[in-house]
């Protein structure tokens, strides 16, 4: 880890390395050290790590975890980040999944502020989920784990489809879309918003088809009016011709919004915002900037 950082304890394992809490011996500051093993030296640094480094060096914002230092040796790459108390998933577990209305609103404002900052700089996060949102001791929420993040230019490049943990994946990506932009992050934000209210993930599919079916059960089976581009994706005909997608499912969300007391925490404005984040048609989802202007953020809880 180098003589500058004194290892304290292991706090997690990411997609390509181990994360430790450590002390910067020169300043006494507690930091998070992500150590990335370079399995085959001739291959050098994993491209996912290079991507994360280049993105994070550019992104300086109060709602994005700060990359403080990069140490590179032949066999190891070490990224030093500001240390956060816990991730949103652990935080929700810690409070029994029961976040109060004011905390949900504050976390949503922070989440959308971080996402807006990324999107304005042509960066997609592409893996937004509670374990990748870190909470400080002062209850500030910050975006982390940009391993899948990628700058997007115009024209939109074709991306790999395997992004965003299944439960937070948008219906267009589930149908094989590889040409997408900011709306893929916005769908994930909507899923996280609902999860903070109800204390559990909104859509817990076992595979792509099951995930899509759960979305249809909640929002109702879409038609071409609701989702004009639904037939244009690579897997549309294959997926939507399956027997389980032949029946038209009525939306259960309206009943849940009325009867599930957990949603009452969001209030009518919060439920309206959630509807705009979870739109089938990607171009109809609010942008992060538009979402921050939503009346929900003027409500005092």
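In case you wondered, yes, glycine gets a Cβ from its N, Cα and C as well.
It should be emphasised that the depicted structure is a prediction, and the values quoted were computed from it without experimental measurement.
What Swiss-Prot records for 5-297 is domain 'Protein kinase'. Per Swiss-Prot, ATP binding site is recorded for 11, 12, 13, 14, 15, 16, 17, 18, 19, 34. If you look up Swiss-Prot, you'll see 15 marked as phosphoserine. For 16, the entry in Swiss-Prot reads phosphotyrosine. Marked as active site, proton acceptor by Swiss-Prot: 127. Annotated phosphothreonine per Swiss-Prot: 160, in sequence order, evidence recorded as similarity to another entry.
Taking the recorded positions 13, 127 in turn, the residue surrounded by the fewest other Cβ atoms inside 10 Å of its Cβ turns out to be 13. Cβ-based neighbour count (10 Å, all protein chains) for residue 19 (ATP binding site) stands at 18. A coil conformation is recorded for the residue listed as 'active site, proton acceptor' in the three-state DSSP classification, outside any helix or strand. Between the C-alpha atoms of residue 19 (ATP binding site) and residue 127 (active site, proton acceptor), the distance comes to 18 Å. Ranking the binding-site residues 11, 17 by C-beta neighbours within 10 Å puts 17 at the top. Cα spacing between residue 11 (ATP binding site) and the residue listed as 'active site, proton acceptor': 20 Å, rounded to the nearest whole number. In this structure the C-alpha atoms belonging to residue 13 (ATP binding site) and the residue listed as 'active site, proton acceptor' are separated by 16 Å. Here the CA atom of residue 127 (active site, proton acceptor) lies 17 Å from the CA atom of residue 17 (ATP binding site).
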